[in-house]
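Visitor: This is the structure I have questions about; it appears just below.
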Amino acid sequence: MICYNHQSSEPPTTKTCSEGQCYKKSWSDHRGTIIERGCACPNVKPGVKIICCRSC
């Protein structure tokens, strides 16, 4: 499976992942809203939104 693998401040990149899932998580801090994408479906801290999917 190919997932996007980057933070919102970086150029988009992709990565081949063996986990079978991708994630997109977002949170806000002093820099604004940060979006991060990657492989698998990690646990997140309270206040972090996450979406896990088979292709995102």
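Every residue, even glycine, has its Cβ placed from backbone N, Cα and C.
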Visitor: Taking Cys22 as one end of a disulfide recorded in Swiss-Prot, give the other end from among Cys3, Cys41.
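Guide: Record-based pairing for Cys22: Cys3.
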Visitor: Swiss-Prot annotation: Cys41 disulfide-bonded to which of Cys39, Cys52?
Guide: Cys52
Visitor: Determine the minimum-neighbour residue: among Cys17, Cys41, Cys53, listed as disulfide-bonded residues, which Cβ has the fewest other Cβ atoms within 10 angstroms?
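Guide: The disulfide-bonded residues Cys17, Cys41, Cys53 were compared, and Cys53 has the fewest Cβ atoms within 10 Å.
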Visitor: Give me the Cα-Cα distance between Cys17 (disulfide bond) and Cys3 (disulfide bond), rounded to a whole Å.
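Guide: The Cα atom of Cys17 (disulfide bond) is 7 Å away from the Cα atom of Cys3 (disulfide bond).
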